[in-house]
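**Student:** According to TrEMBL:
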type	residues	note
TRANSMEM	33-58	transmembrane segment
DOMAIN	33-516	domain 'Major facilitator superfamily (MFS) profile'
TRANSMEM	70-87	transmembrane segment
TRANSMEM	157-180	transmembrane segment
TRANSMEM	192-215	transmembrane segment
TRANSMEM	307-328	transmembrane segment
TRANSMEM	376-398	transmembrane segment
TRANSMEM	405-425	transmembrane segment
TRANSMEM	431-452	transmembrane segment
TRANSMEM	464-487	transmembrane segment
TRANSMEM	493-512	transmembrane segment
Amino acid sequence: MTFEEQPNDALSKERSIDTAIELAGTGRFTKKVVAIGALIVLNASFVTTSISLIFPAASCDFNLSTLDQGVITATPLLGMIFGSYFYGCLADLSGRRKALIVTLFSQGLFEALSAIVSNYWGFLAFKFLSGFSLIAQNGVGYPYVGECLPPKLRCKVLCALEVAWIVGTMVLPGFAWAIIPIDLTYTTDFFFFHSWSLFVILYSLLAPGLALWLLTFPESPKYLADIGEDAKLTRALEVMHTENTGKPFNEYLDALTKHDLREFRARLEARESRNHFLSKSERTGQMCKEILSNTAKLLRPPFFKQTAFICALQFCIGSTYFSFTLWFPELVRRLENFESMFPGESAWICSVVPNEVPTNLTVKAVECSPEIPMNVYMHTLIINIACLPTNILVPLCIEKLGYKFFIVTYNAGAFFITAGLFFVRSSTQNLILSAFYEAFTSVGLALVLVVITELYPTQIRATASAFGMLMGRIGGVFGNLLIGYLIDKYCGSFVVITMAQLLVCVIIGFILPVKGEKKKTVPEISVPSVYRIDNTYL
């Protein structure tokens with residue numbers, strides 16, 4: 001069914017709330033919601049990538065093998081697998097803001113506890129719980145920010161949030177460089193505390209701070225309009241309009257009338273809730289039914305095709321991105337050890353463990369050094385700086401070039417760069433290729449999240465986002481366990497598997513049911529394409 005043939009109700013409601021958000025203006029509130037969205041992404045970046053900087057030292061404290069190290073890097077991602085769907089459904093059923101506050105408080109607590117536990121299994125448990133809570137910060141943060149913004153800003157801002165992730169990956173190595181080399185040690189028979197523990201506690205403070213700030217924000221107006229909470233919707237729009245324009249709310253109501261939104265104005269003035277009060281048991285039952293209902297909608301027509309594509313994209317991108325990102329500092333450290341042992345010999349990532357050195361996956365190293373060479377911090381910083389141009393280019397050009405262009409181009413670039421690993425023979429060449437690889441793959445996960453906001457209606461958008469991120473984290477677990485198992489003896493196979501996954505992303509990019517270009521369909525106040533797939537409104 002085309003736009004002109006659409007009978008109306010769902011599209012009319014979507015247009016009405018988007019117009020209402022547009023009329024609330026842009027200003028102080030807009031800046032606040034963008035700022036907290038960027039800081040939430042920054043925090044997620046800290047927590048996700050920090051494991052790569054602490055596990056060389058933590059591996060010595062816990063006396064781990066190479067395969068054990070793969071388990072450590074995969075554990076937070078495993079927690080994300082279980083947490084993504086839980087928090088996505090919570091966001092659709094109880095609100096984006098509530099889900100974000102819960103996840104920020106709990107993630108900060110579990111991350112700090114992981115720094116002071118001195119048992120390997122306890123460390124894994126808290127890292128799992130931290131990952132369980134962390135996942136919603138992207139999966140729910142993107143819908144919350146997008147639903148608080150006017151349509152004309154939504155796409156560009158959501159794409160630009162990925163820059164905050166890159167800034168986080170740039171800032172964190174510098175912060176680690178300042179903290180981890182400090183000679184800080186406290187050890188007893190049952191407890192140890194080192195500089196890496198202090199590092200984890202310090203960056204974990206950001207999450208509860210953001211949760212406290214988020215208490216001052218209103219719920220997403222699109223979410224409140226969708227569930228019929230008109231009293232709360234009125235308050236949210238009043239806060240947005242007042243903070244953005246500094247003008248009284250009556251002027252906003254008059255503007256609604258001028259834009260032929262008299263029925264919407266009547267809803268706001270009535271300040272009534274169309275959500276009837278339910279008992280706790282009734283609400284629990286309703287929640288379970290709606291979780292199953294939202295999931296079923298994703299897995300059957302008309303949404304099944306795009307759900308399959310989104311899940312495949314997220315799995316392959318998550319596997320290729322997280323496996324490299326979380327293992328890069330360890331690979332650099334191994335490469336430096338190889339070059340110091342065999343000066344003048346050619347080296348690439350698959351020669352970081354020479355045959356002369358014992359590499360049994362289950363045998364601990366004879367000598368374990370918790371020291372991280374300074375070059376590891378510097379190389380990590382260089383690689384993350386290389387991500388800035390590609391991430392800045394997306395929000396600047398997304399309107400003209402469209403989602404397909406970036407999904408296909410960036411994954412194709414990463415594919416050819418991965419193939420190039422077979423031909424480089426020095427650490428400098430490896431660093432250059434690694435920088436380009438990270439630059440291309442770092443955009444993928446966030447770009448797919450933005451695509452989700454275009455493919456699904458408000459009622460199931462957060463669930464769809466969570467479902468996609470669930471597959472992304474499954475891919476991340478797969479990639480980290482795979483590299484932990486293959487890197488010592490079957491490294492070439494790992495490179496080939498990575499290339500195959502990137503090729504899948506390129507193919508899906510060509511057939512993904514979104515427009516090649518993002519075009520406005522209504523002048524001045526653009527109608528979002530959340531219901532449109534290949535010119536069809538669902």
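Backbone N, Cα and C define each Cβ position, glycine as well.
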**Student:** So, do the transmembrane segment (70-87) and the transmembrane segment (493-512) meet, by the test of 3 or more Cβ pairs under 8 Å (sequence gap 6 or more)?
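**Tutor:** The transmembrane segment (493-512) and the transmembrane segment (70-87): touching, no.
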**Student:** So, do the transmembrane segment (376-398) and the transmembrane segment (431-452) meet, by the test of 3 or more Cβ pairs under 8 Å (sequence gap 6 or more)?
**Tutor:** yes
**Student:** Which residues of the chain, 6 or more past the ends of the transmembrane segment (464-487), have a CB below 8 A from one of its CBs?
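**Tutor:** Sequence-distant neighbours of the transmembrane segment (464-487): 66-67, 69-71, 73-74, 77-78, 80-81, 84-85, 87-89, 91, 131, 135-136, 138-140, 142-143, 295, 298, 303, 307, 310-323, 326-327, 331, 349, 352-353, 361, 445, 448-449, 452-453, 455-456, 493-494, 497.
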**Student:** Taking 33-58, 192-215, 307-328, 405-425, 493-512 as candidates, which has the most Cβ pairs under 8 Å with the transmembrane segment (431-452)?
**Tutor:** 405-425
**Student:** Taking contact to mean 3 or more CB pairs closer than 8 A (sequence separation of 6 or more), are the transmembrane segment (33-58) and the transmembrane segment (307-328) in contact?
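**Tutor:** Counting Cβ pairs under 8 Å (6 or more apart in sequence), the transmembrane segment (33-58) reaches the transmembrane segment (307-328), since there are 3 or more.
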**Student:** Would you kindly list the residues that approach the transmembrane segment (192-215) from elsewhere in its chain, counting only those six or more residues past its ends and only Cβ-Cβ distances under 8 Å?
**Tutor:** 36, 39-40, 42-43, 46-47, 50, 53-54, 57-58, 61, 97, 100-101, 104-105, 107-109, 111-112, 114-116, 118, 172, 175-176, 179-186, 370
**Student:** Would you kindly list the residues that approach the transmembrane segment (157-180) from elsewhere in its chain, counting only those six or more residues past its ends and only Cβ-Cβ distances under 8 Å?
**Tutor:** 34, 37-39, 41-46, 49-50, 53-54, 57, 141-142, 145-146, 149, 195-196, 198-199, 202-203, 325, 372, 374, 377, 380-381, 384-385, 387-388, 391-392, 394-395, 398, 442-443, 446-447, 449-450, 453
